[in-house]
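Encoded as structure tokens, the structure appears first; notes follow it.
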Amino acid sequence: MSTGLAGILFLASLVIALVAVHVPLGDYMYRVYNTAKDSRAENVVYRLIGADPKAEQTWGAYARSVLAFSAVSLLFLFILQLVQGRLPSALTDPGTPMTPALAWNTAVSFVTNTNWQAYSGESTHGHLVQMAGLAVQNFVSAAVGMAVAIALVRGFARKRTGELGNFWVDLVRGTIRILLPISVIAAILLITGGAIQNFHNYDQVVNTLAGAQQTIPGGPVASQEAIKDLGTNGGGFYNVNSAHPFENPTTWTNWIEIFLLLVIAFSLPRTFGRMVGNKKQGYAIVGVQAVLAVISWSATLFFQLQAHGTVPTAVGAAMEGVEQRFGVANSAVFAASTTLTSTGSVDSFHDSYTSLGGLVLLFNMQLGEVAPGGVGAGLYGILILAVITVFVAGLMVGRTPEYLGKKITPREIKLAATYFLVTPLIVLTGTAVAMAMPGQRAGMLNTGPHGLSEVLYAFTSAANNNGSAFAGITVNTEWYNTALGLAMVFGRFLPIILALALAGSLAQQGKTPPSIGTLPTHRPQFVGMVAGVTLILVALTFLPMLALGPLAEGIH
């Protein structure tokens with residue numbers, strides 16, 4: 001079987017599985033967020049944190065709760081890393097010293113669901129920090145994104161109210177009822193497939209067949225691996241992430257991991273359709289995501305299977321940076337999926353991809369990661385794109401734009417437009433400043449177009465809360481730790497505030513009945529329009545920088 005055909009079959013099986021769970025998982029999440037009943041475990045948590053599960057919040061109160069919870073989480077994780085040497089299960093001789101700048105960067109990274117790692121995981125953090133710090137944030141940062149998405153959907157579904165639900169209820173339910181059960185099942189499957197789960201020390205030394213000695217780092221890997229992918233977090237227990245055989249041993253576990261990082265994001269549109277009372281609207285949204293995802297998967301496979309140059313021609317594909325047990329096609333599907341979502345985990349070395357293959361990965365993130373995007377973040381991103389699309393359509397026919405019975409007034413379009421200006425501003429400003437500083441340019445291992453691509457990739461990944469890297473620059477410096485940390489903070493929380501403000505504005509409106517001039521937003525025409533607007537927005541914003549980086553390298 002050819003490599004290309006194997007990749008197509010691998011991808012087809014993945015799509016079939018995602019289609020199969022779309023309805024049941026989407027309906028289950030609808031019930032989770034719309035029931036009035038709380039479990040005993042949830043009531044215990046509410047009492048511990050002092051939350052009233054019956055109280056509703058305005059968009060401002062909801063946003064303040066998100067920010068307060070995230071700030072406390074950041075402070076806890078920051079301190080935990082700095083004092084880890086005094087804690088049980090700490091590493092006796094960490095490979096990477098934990099400086100305040102690195103602790104800040106790492107804490108921000110995991111709290112914002114980015115999981116950018118400027119350190120080697122297995123030689124920096126002990127088991128306690130991995131479990132009580134990083135793994136916990138993998139759960140709750142994903143639950144925060146889902147909560148914000150549900151709040152925005154309530155803004156469309158409700159009328160003449162200022163209330164969007166209760167953040168603490170949405171956070172707890174998303175964690176306990178959705179993320180925890182699926183993660184337990186996924187961890188068992190990964191252990192069955194060969195991923196490790198133990199509490200062995202880092203300093204296990206074994207004798208190899210060649211007579212040398214090798215250190216084998218153990219740890220509770222499978223449990224963290226499951227939520228790493230399911231919550232679109234991406235931070236690996238090991239430095240090489242899912243390319244490590246202890247995290248991702250076989251093609252079977254590789255398939256499971258790709259499925260996990262896509263499954264919730266592709267099922268949330270069904271939840272959206274149920275909540276607004278029109279399932280066809282959910283199908284339209286997932287249709288947009290599917291169109292963009294198929295384009296990305298196809299383009300990545302095409303560019304990575306091209307045989308240009310002596311070595312690629314000899315082996316039939318671009319094999320540099322690819323794990324042999326996965327092959328080019330499966331690695332390309334993983335790379336496209338991890339950048340289409342906000343996951344950022346890797347099973348191959350993105351910096352070694354062909355210039356145009358790397359361009360696709362960059363472009364995936366620059367889409368705003370809406371195809372399907374991160375857990376929760378992808379849904380609220382694509383819904384705001386839908387708002388912009390109906391506004392553009394309204395301009396063309398001279399009517400006040402409407403979406404799901406809500407008028408898109410100047411206030412709504414200002415919020416939506418600002419939402420999509422935030423991330424490009426962070427990315428382009430950060431890249432420009434880094435390239436203008438001689439000290440930061442000295443940390444680049446490559447010059448020319450590829451060096452620019454590496455810096456652009458770093459800020460694109462940080463601002464879009466992805467976390468993957470081209471890895472050709474030295475980022476464990478005070479400047480990069482601080483700058484990328486700020487990019488992650490602003491790239492996460494400014495869009496969340498704008499999305500919640502939009503939700504509050506929409507919830508206060510009444511419902512406008514559809515008329516003969518209303519744009520149908522459940523048909524293929526609308527799917528094509530949203531996909532087109534998305535691609536045009538990204539092209540207009542980033543094309544000059546892409547032309548100087550990966551495009552110039554590809555042409556050369």
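Think of each number as a place in line: the chain as shown, counted from 1.
Using N, Cα and C of the backbone, Cβ positions are placed for all residues, glycine too.
Marked as transmembrane segment by Swiss-Prot on the basis of sequence analysis: 5-25, 65-85, 133-153, 176-196, 249-269, 283-303, 377-397, 415-435, 483-503, 526-546.
When Cβ distances are compared across the two stretches, the transmembrane segment (415-435) makes no contact with the transmembrane segment (5-25), since fewer than 3 pairs at least 6 residues apart fall below 8 angstroms. Here the transmembrane segment (526-546) has Cβ contacts under 8 Å with residues 284, 287-288, 291-292, 359, 362-363, 366-368, 370-371, 382, 385-386, 388-389, 392-393, 420, 424, 427-428, 431, 452, 456, 519-520 of the same chain, all six or more residues outside its ends. Sequence-remote contacts of a segment are chain residues at least 6 beyond its ends whose Cβ falls under 8 Å from one of its Cβ atoms, and for the transmembrane segment (176-196) they are 28-29, 32, 39, 41-42, 45, 139, 142-143, 146, 218-219, 221-223, 225-227, 229-231, 245-250, 252-253, 256-257, 260, 263-264. Using a Cβ-Cβ cut-off under 8 Å and counting only residues 6 or more beyond its ends in the same chain, the transmembrane segment (283-303) has close neighbours at 4, 7-8, 11, 22, 265-266, 269-270, 272-273, 318, 329, 332-333, 335-337, 339-340, 353-354, 356-357, 360-361, 363-364, 367, 370-373, 378-379, 382-383, 385-386, 521-524, 526-528, 530-531, 534-535. The stretch in closest packing with the transmembrane segment (133-153), judged by the count of Cβ pairs under 8 Å and taken from 5-25, 249-269, 483-503, is 483-503. Nonlocal intrachain contacts for the transmembrane segment (249-269), taken as residues 6+ away from its ends with a CB within less than 8 angstroms of a stretch CB, comprise 10, 13-14, 17-18, 21-22, 25-26, 29, 146, 149, 178, 182, 186, 189-190, 193-195, 225-226, 229-230, 232, 242, 282-283, 285-286, 289-290, 325-326, 330, 333-334, 337-338, 341, 343, 345, 347, 372-376, 378-379, 382. Under 8 Å from some Cβ of the transmembrane segment (65-85) lie the Cβ atoms of residues 57, 94, 98, 100, 102-104, 106-108, 110-112, 125-126, 128-129, 132-134, 137, 140-141, 144, 147-148, 167-168, 171, 493, 496-497, 500, all in the same chain and six or more residues away from its ends.
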